[in-house]
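Novice: First the structure, then my questions, so here it is.
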Amino acid sequence: MQLTVWTYEGPPHVGAMRVATAMEGVHYVLHAPQGDTYADLLFTMIERRDKRPPVTYTTFEARDLGTDTAALFQRTLKDAYERFQPQAMLVGASCTAELIQDDPAGLAKAANLPVPVIPLELPSYQRKENWGAAETFYQIVRTLAAPVHPQVGDAAGAIPANAVPGHPPLPAGISPSRGEVGGFDASPGASSETQDPASQSGLGAKAGSISPLVGEMPGRAEGGDAGIDSSAEPEKRAADAHGEAANFGPREARRPTCNILGPTALGFRHRDDVAEIRKLLGEIGVVVNVVAPLGASPADIGRLDEADFNVVLYPEIAGVAAKWLKRTFGQAFTTVVPIGHGATRDFVAEVRRLAGLPEAAATGVAPRSNLPWFSRSVDSNYLTGKRVFVFGDATHALAAARVATEEFGFTLCGLGTYSREFARDIRAAAKAYGVEPLISDDYLDVEEAIAAVQPELVLGTQMERHIAKRLGVACAVISAPVHVQDYPARYSPQMGFEGANVLWDTWVHPLVMGLEEHLLGMFRDDFEFHDDARPSHLGAGSRISTEPERATTTFATPPAVPPATRVGASADGNPINLDWLNEAEVELKKIPFFVRGKARRNTEKFALERGLSEITVETLYDAKAHYSR
Amino acid sequence: MSGGPSMSRGAAPAVADIMPSLGCADRPVLRERGQREVFCGLTGIVWLHRKIQDAFFLVVGSRTCAHLIQSAAGVMIFAEPRFATAVMEERDLAGLADANEELDKAVSRLIERRPDVRMLFLVGSCPSEVIKLDLSRAAARLSQRYSPDVRILNYSGSGIETTFTQGEDNCLAALVPQLPDSEAGAPQLLVVGALADVVEDQFARLFDAMGIENVRFLPPRRARDLPPVGPSTRYLLAQPFLGETARVLDERGARRIAAPFPLGAEGTTLWLKAAADAFGIDPMRFRSATAAAEARAKRALEPYRAELSGRAVFFFPDSQLEIPLARMLSRELGMNLAEVGTPYLHRQHLAEELALLPEKTALSEGQDVDRQLDRARATRPDVSVCGLGLANPLEAEGLTTKWSIELLFTPIQGYEQAGDLAALFARPLDRKTRLKV
Ligand code: SF4
């Protein structure tokens, strides 16, 4: 049993709800007790959706147990089908129903509904929300985009649920980790011109490969994947579906196409990210075939194979499905998540390469976001080396770490994620940045880690916002889970060039601005510069003491009580009593609150290492000199 | 399990047996059994952990349970909350022996971390009950280990046994056997049901003014401070959802004072009067103790009556407060009752309330949320009182709503809060008339 107060992720069926709610024409019947209906409010209140999620709960009770919970499930399924007339249904169990083992999959099969019914097996006692979303999306794609599939929505052509081949669920231990597209380097300039078939061979082949372009793509090179039919079959079928001639017109007439995969309901800025990336792709000249799951119908899922490649925005959710699509249809997928200016440029380069488009002229083009110039502007000097702690889902945490260091000039002092599935990626990145990785879904661990490194800015989730508030540290939110205030009214993507602008504004905003910071340092005695003063551009709100347990030792005037004594351990392990002399305490107090904790710790460490038991003003400044080297 | 009231008690005896004297006793009630859209009893922890200041609530459940409490709490209360979830994992399901061992570990970790805790509630959930993890045995076992420092009790807040406010009912019922015996002799008054501290203080002053001396409240603000109970105890329910608590209080020999609930000026007077009568308080003294506050409450209601009278209100089932609220809205503010839905109708405890409802009020018990939504769409009430999952979708359909959860997180009982209660219903309508967007 894990003792927990707040959780970063909900149970896996909430992930399934995020997928179902994002889609059109899908209905999810969940075998669950009544309290589980709370999940609706996540969508209607936190995301302010104007419709109920397309979910029907069986709400079984104790008196149903052992008698007819299975019958209740079947009745609920039938009623839900009749009332909502979906084009496809999802069925599954919540944590409680998983224990009573009614087998929703089997029951749904027996119900013989005239639409595809996709059973979800989401192990509630092992897995969590993002995994559930990934597995759900994967099962939907496998079922509805399968190489031989009925025309969804066409009742005559639809196969009944019991004819849908059962796909083995993802083994619980699988890591839907990021890209396997293969060893190319996506950084700008690295994309190879020679690899670009379209620029060299001009109009490509017609039949014989899925598209004239993808044939040469890195992903396609690894042959031998079961399910890839090297004939033109999928392409032909796609064309047939559109009533077009089976053979294509000249190459110029057809622009490369892609799907955008991963955005769901209740995602952090997913809707705005999609709009931004769609615009970006349009500018590059790539047509978006389907966005899924957000806004996709089952019929749209059936058209996924028509695209040349896939853009994976959120690997946590779409990674598994993208890999299946690659194996099955040979669609390569993007591995760069376009968060930040640099990553967006890398993303553009990767997309151009996957699309077989010539590399964009790298020089002479004004940067597409204001971030590079704002960051170079002299007023931003004060940002240099500010210590930031980054925590979130793996995608956003990794992206934030890069942006923070490369684009803001911050120093990373901590990097972590609650997505255990991506622990490896975070560990590798943390190593590269020279910080300790933190893989945990216990917010108390995170709080401890943040308190220990005393950052000046925390980039995290709503949990870290609370933690930062308690510790009196500035914070900006970069990742789910988020609260209602993180669904802003204005267009506010995290991705693309506009997303980079948003990052700039959001991350700089909570900080004390450059000159103000200096003034705070110079005139500590100004009565308006007390510790509870907020940065002047931020409104009401008061800081909670950074050092609650030490509050009694930080007096602005020499206290009447004896100076604080704390016990440390010297290098050889012997305990030493550390005395902060009054003048030293007072001097420490003159240091602005956002660096004071750090100064205190450094001074004590310095004293311990030298076996000093008394901390004087001299010690304080000796330590300052020592650590500023 | 812990003997919580199961919803199967819905097999109520014939209405007429209970309320033979009431003309409206055989009013028809629509019984629904479809999808419920109501929280489970775990939700009560959100207010109970603030009310009993040295108690801690440990849910033994799943990630879903933890997520429910976190989501229902809405804004996270980051002053470290006095609740947590022991989230069961794969290996806990393997065998009960292991689960018990894991639970003991979780409890010891918790008690180490929170030495200030005097009373620990182990709260059962659907998963713990389905695997038959016996929390009453666990509580007894752990009590032995930690007594006298920490008392360990248990109750069920599971969604298969309880809806929303029944969690509080089970929690209080679990407290009752712990209450010390009261001394025989002078009767005491016990007010039962969690109230906001400010409301509790107001009631204490009113009882004092009318001359009822020995008044205690359950739950107490401190777990150490349990009120005594016994045959000399008369108890007055402050909340309409305390069926199980009342049953175990009866077992201790205490006797219930039947009354409507203290919502609105009239409701508060009737509630206080029932106690006054039970304690033989002189009517003049009662008037002088309550008249000023009652008049103040009525004055506070007046402007709202003008705004709300003639408007139709529709209650989706939620907290079991629906019937007293409907009574108050119809009698004191002149609202029409389109439908009054309640998750469970305790006919005995609500007899006085039902008698005050207008005849032909459409009552429903249980829920089939889709059918009920159809009825609401057909009726198009002026205000729909509903849970958080339904509110915005209804607003999007042009129906004005009032979130029912606010009725539990806001002080609404008593004279001084009557105006605030009316304001909760008036505000959404006021807002609608202001907005020109
Ligand atoms: S309904 Fe049951 S499983 Fe769901 S949150 Fe409530 S107690 Fe937990």
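The count begins at 1 with the first shown residue.
Heads up, the Cβ atoms here are built off N, Cα and C, so glycines get one too.
Nobody curates TrEMBL annotations by hand; they come from automatic prediction.
According to TrEMBL, the protein carries these features:
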ACT_SITE  A:D379  active site, proton donor
BINDING   A:G514, A:L515  substrate binding site
COMPBIAS  A:189-202  compositional bias 'Polar residues'
COMPBIAS  A:233-243  compositional bias 'Basic and acidic residues'
DOMAIN    A:12-146  domain 'Nitrogenase/oxidoreductase component 1'
DOMAIN    A:250-511  domain 'Nitrogenase/oxidoreductase component 1'
REGION    A:159-255  region 'Disordered'
Novice: Determine the Cβ neighbour count for the residue listed as 'active site, proton donor': the number of other Cβ atoms within 10 Å of its Cβ.
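Specialist: The residue listed as 'active site, proton donor' is surrounded by 10 other Cβ atoms within 10 Å.
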Novice: Let me know the model's mean pLDDT on the domain 'Nitrogenase/oxidoreductase component 1' (A:12-146).
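Specialist: That stretch averages a pLDDT of 95.
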Novice: Could you break down the residues of the domain 'Nitrogenase/oxidoreductase component 1' (A:12-146) into DSSP helix, strand and coil, giving a count for each?
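Specialist: Reading the DSSP string over the domain 'Nitrogenase/oxidoreductase component 1' (A:12-146) gives 73 helix, 18 strand, 44 coil.
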Novice: Could you say whether, by DSSP, the residue listed as 'active site, proton donor' belongs to a helix, a strand or a coil region?
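Specialist: The three-state answer is helix.
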